[in-house]
Amino acid sequence: MVWLEPPLLLPIFFLASHVGAAVDLTLLADLRLTEPQRFFLTCVSGEAGAGRGSDAWGPPLLLEKDDRIVRTPRPWQPPHIARNGSSRVTVRGFSQPSDLVGVFSCVGGGGTRVLYVHNSPGAHLLPDKVTHTVNKGDTAVLSARVRKEKQTDVIWKSNGSYFYTLDRHEAQDGQFLLQLPNVQPSSSGIYSATYLEASPLGSAFFRLIVRGCEAGRWGQDCTKECPGCLHGGVCHDQDGECVCPPGFTGTRCEQACREGRFGQSCQEQCPGTSGCRGLTFCLPDPYGCSCGSGWRGSQCQEACAPGRFGADCHLQCQCQNGGTCDRFSGCVCPSGWHGMHCEKSDRIPQILDMVSELEFNLDTMPRINCAAAGNPFPVRGSMELRKPDGTVLLSTKAIVEPDRTTAEFEVPRLALGDSGLWECRVSTSGGQDSRRFRINVKVPPVPLTAPRLLAKQSRQLVVSPLVSFSGDGPIASVRLHYRPQDSTMAWSTIVVDPSENVTLMNLRPKTGYSVRVQLSRPGEGGEGAWGPPTLMTTDCPEPLLKPWLEGWHVEGPDRLRVSWSLPPVPGPLVGDGFLLRLWDGARGQERRENVSSPQARTALLTGLTPGTYYQLDVRLYHCTLLGPASPAARVLLPPSGPPAPRHLHAQALSDSEIQLMWQRPEAAAGPISKYIVEVQVAGGSGDPLWMDVDRPEETSTIVRGLNASTRYLFRVRASVQGPGDWSNVVEQSTLGNGLQIEGPVQEIHAAEEGLDQQLVLAVVGSVSATCLTILAALLTLACIRKSCLHRRRTFTYQSGSGEETILQFSSGTLTLTRRPKPQPEPLNYPVLEWEDITFEDLIGEGNFGQVIRAMIKKDGLKMNAAIKMLKEYASENDHRDFAGELEVLCKLGHHPNIINLLGACENRGYLYIAIEYAPYGNLLDFLRKSRVLETDPAFAREHGTASTLSSRQLLRFASDAANGMQYLSEKQFIHRDLAARNVLVGENLASKIADFGLSRGEEVYVKKTMGRLPVRWMAIESLNYSVYTTKSDVWSFGVLLWEIVSLGGTPYCGMTCAELYEKLPQAYRMEQPRNCDDEVYELMRQCWRDRPYERPPFAQIALQLGRMLEARKAYVNMSLFENFTYAGIDATAEEA
């Protein structure tokens, strides 16, 4: 039950129910039960789909009590509302008699409102008749009967305001009369008669309905003639249809329902066994309220007097030719006679079973049948069909049956002007009869806008077919036609649901497709013309080949040469080049190298960091699409070596020996493992010879096996974990007999066999030492990795309450052991088995984490999911925030506007969190991709729009986010990083709050640690004092709303963070976007108020945005108005 407050406007009483008389809506009041607890009101709709509550069918049935005129105390206990199916709602269980006095209404489809006025049975004055329906210009007389006389004057009010006063001596036969001459539609409303100084509950309440035309007329200018409604039916002043009283039906209310039935098709039945006794029926205006057929009296419990029938027993039978009067249906004629008064003989022809209304589509040529009986029997030439303009159509065929003749008329192609009342006439020697019926010519729907492209892949297009259209509904089917651009091949067609996005499958890559929508309504010829075309282009074909790394080698301290290969493939290679990725896990840095030639199989990477372990992979790319990555390899770039040895000099000892001497390098980073000596013949063309000095404490060596009388060049370098810089080059000649032989040292053999053996031993020793060094390094790395794995299974983090917490994973639980407390607190989470996760594509990654799309199996069902995981070298702080996010997700529970937890899995000491997969990515990128003036200017100018998203869709994003934040605030969680980048777009374009890594579960959170801050989204108190509350999130929501309206613009674009710190406390705020409605901008300003307690709560924000959605107003203007420009984007500023 809805109670309308006094401040609302009054004209709803006499205007709202004029929305459409054709609506089958009835409000019943049970007057048999005088106790408030047993009294009930029932609202019944006979419309198809009534009360389903969707956009297609309108709002659900609603029962309201209006206290704006008859103000009564609020009930101490609200009445009970019960719904029986989708087309009936009942309210009962009122607390006290005063709860019943006043105006009740039933609101149905299309906003049609039916009113009922209830008078107190114990009032001083009672109305002789509650509802009065009169014509424009008539004189209305309202009669208040005295039940309990008072010696005071009587005040008449109209719509709660003083209208007239009658002296107490002006009563006539115990009645006070109010005459209203020459009434107009503005005279309609609620009237009341009250003794002076008496309680309003003792008043007599009336409802006056004034038709907009004079008697027998209807239409905007009241020039059309009413059809002549029978049995007390009232002609609607707007569309000329008869509003039939309860118990009668038909175009002119000519047919009586069976006893106890009502509704436009007699489909409803009165409750109980006593028929419709004691029930008041209220119908759409201009009918009003009355008793059911066969009953009269203030409580509708008195049967009609003999000779009377119908609603309120207003009709007289006046039966002829032996007919008898039935108080429910009128005259019951004997055999051989028919008509309202049994005045027509059966010899007179009679139209049989003629429907009251038909509907056809424009430009169709339907066949209409008309059946008649009589004596003599009607033949084809005796029947004709008349159009509204008077044109006469003759039947083309007649089917004669024992009890009737059915004539078939072929109607020429229908035009809009053919809508109206048609008439079937039959004429024989026994007389004539006619029956009028209405034909409605409907215009097939035609789309006004083209479908919208939401996402694209190489072989798929995601399309939103929801379009505005001209013509008539309802929409029976939506067809999507598409084919390649400039193609002569046949169109492909699929039937789609207009409320859901559709994916066009099996398309050709990098191909433009023309896409059009066709709408259809029910009936033959209901297919409308195709809507305007739009061009949608598929993405490039994704590369499918997976490269593999052939090898790599270090070419310098910061240079790495990488080579790879591809599997053989027939035909041309699909790809534009290769992307090499080097991931430095220790520093959280990624290096990407683009090789622009698809024929390249090697690349030199420079500028690397010595002494770093890199994870290396390579993948093929085509356009913007990446192929599968090669198996990753772990590459160590040796650390930079020590400085060069000092003061190198050489001395010839013999014709085959030279001694080298040097000093240790200065500030070597670690113990020197060996020295490396380079020997080369001066001026020779051969490669140099290297030899190792494996005893690092020695700073001299003798080079043997040299050629006599030959000049040599020498240099030395030291090695710690890798070789260092070379020393200066020195030159020295061996002793000899004057002969000088040039050539590679490796090609000259020493004369003495012992010297050769010493050189071989030196080389073997050097190789052995190197192998031992590599083995020791591998063992050390294995120990370090084992230690890291152990550390990741159990570690500590600082929780939101400030307590140091130990996290331990086990099957299905995350144990948070807070050190000040002796007992652990296990946090349960839905368990996913490692075998039930199939990893697919990398969605995104940051410095320390990755998000991978995966297919998971949960409760026996396969579903898409996004798997969040930390990288191998994430810090303990990262593990802390990651586990904290799982804790937040577990405590939050499920809500349609947040990214919900699907489960978690622990494998080999690593935690994997599975959350809902959002197929359209984050809201920021989604908004920026919709800037169609930048991506497709021709489309934008052709359709006059700046975005592929409508105003309603943008407002829906904001409403969804507000609902999600309301849920977080009710759970007492503070997000702290609310922005469009942290809102994801899920199925049906629903926005979902995401990224709870910074969320906290306190009412106030004070940040005590350092870290990068989202300054442009932060509230003043957060910037100045590092204090975060739900009201701080409200500030951020205002910035998010600005991002949505600006299609992903950068907040405060062009300003530095330092300027923000200075200007925000000085009341500076972002300006109103030109495409933004004042109401939306005012909501932003409310979120940006200086004092947190003055900002609206999320519940109020969600309610306000919900009302904007229901208003269906373009709050965000996406039209290309003059000098339209998008809000600026500064990616570097968004990082701060």
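Glycine residues also receive a Cβ, built from the backbone N, Cα and C atoms like all the rest.
When N159, N1024 are compared with the annotations in Swiss-Prot, the one labelled N-linked glycosylation site turns out to be N159. Noted from Swiss-Prot: C331 is disulfide-bonded to C319, selected from C313, C319. For C253, the disulfide partner named by Swiss-Prot among C244, C266 is C244. When Cβ neighbours within 10 Å are tallied across all protein chains shown, the highest count among the glycosylation sites N84, N501 belongs to N501.
In the predicted model, the domain 'Fibronectin type-III 1' (444-543) has a mean pLDDT of 87. When the domain 'Fibronectin type-III 3' (644-737) is classified with DSSP, helix, strand and coil residues number 0 helix, 44 strand, 50 coil. Shown are the glycosylation sites N159, N707; the one with the most C-beta atoms within 10 angstroms of its own C-beta is N707. If you compare Cα positions, N501 (N-linked glycosylation site) sits closest to D977 out of the recorded positions N159, N594, N707, D977. Of all Cβ atoms in the protein chains displayed, 11 besides its own lie within 10 Å of the Cβ of N594 (N-linked glycosylation site). Sorting the domain 'Ig-like C2-type 2' (370-424) by DSSP state (H, G, I as helix; E, B as strand; all else coil) yields 6 helix, 28 strand, 21 coil. Over all protein chains present, the Cβ of D977 (active site, proton acceptor) has 20 other Cβ atoms lying within 10 Å. Considering only the recorded positions N84, N594, N707, D977, the residue whose Cα is spatially closest to the Cα of N159 (N-linked glycosylation site) is N84. When the glycosylation sites N84, N594, N707 are compared by Cα distance to D977 (active site, proton acceptor), the shortest distance belongs to N594. If you take the Cα of N84 (N-linked glycosylation site) and the Cα of N707 (N-linked glycosylation site), they are about 113 angstrom apart, rounded to a whole number.
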